[in-house]
């Protein structure tokens, strides 16, 4: 999907062939990028987990003779451990910058561009923007032309794969920032919604003396409406049941979670840092990132 535009089909047959071939070619390229992303993330996760294990061993949280295997299930610090998305983004960013600098040095020496233009060409090419204002391998002859074309091909291939992986990691970080911003500014722009949520919170909250105040209410006021938004007051028995459900909400949620895990056969000892996100059931690059990485929480 670079699309530099210096070579294009001219005949009708060539254009039809391009559309048919591009349909399968682009799909295969996306599959290749996803497989590369999965392998590179698995490799980074393995290396970072080994470093994390060494750090735990140095701090005394792991025994010196600890080995990977069935014994790992008893170590709470490594069960379900996944690398932080910020650490992976930093590593991929450093690798992309290093690769771009090396490729720019080659283009500056061979193509005769200045270093800034070479960096610009690398970003436009590796990100598959493909403006076409700067295109490599367009001169009539080069010194060691075969070696230069091979190096150009390898730099473009590795650069596109690395930038593709980096963009997917950045997309997860952007999603986290947007979720944080939406959580901070939720319903603050709408006073009516904020007022309704405040009223609802007062009615559902259990405060000291609430049952006494409700018990002292007259029978005539229990059947009336507070307002159109609050709805009808419940009877004394239903209010007691609501208080019971609200006070035991956490216990019921834990019980429901344990029953679900028991029915589905899931393990109970799961790392607290591993959380599901909005793309947990998706496919493609974001699903790969979700399965391989932990979305960094406030505790990290």
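A Cβ is built for glycine as well, from the same backbone N, Cα and C atoms used for every other residue.
Per TrEMBL, these features apply:
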| type | residues | note |
| --- | --- | --- |
| DOMAIN | 1-40 | domain 'Potassium channel' |
| TRANSMEM | 20-48 | transmembrane segment |
| TRANSMEM | 85-106 | transmembrane segment |
| DOMAIN | 96-175 | domain 'Potassium channel' |
| TRANSMEM | 147-167 | transmembrane segment |
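DSSP places the residues of the domain 'Potassium channel' (96-175) in helix, strand and coil in these numbers: 59 helix, 0 strand, 21 coil.
When the domain 'Potassium channel' (1-40) is classified with DSSP, helix, strand and coil residues number 29 helix, 0 strand, 11 coil.
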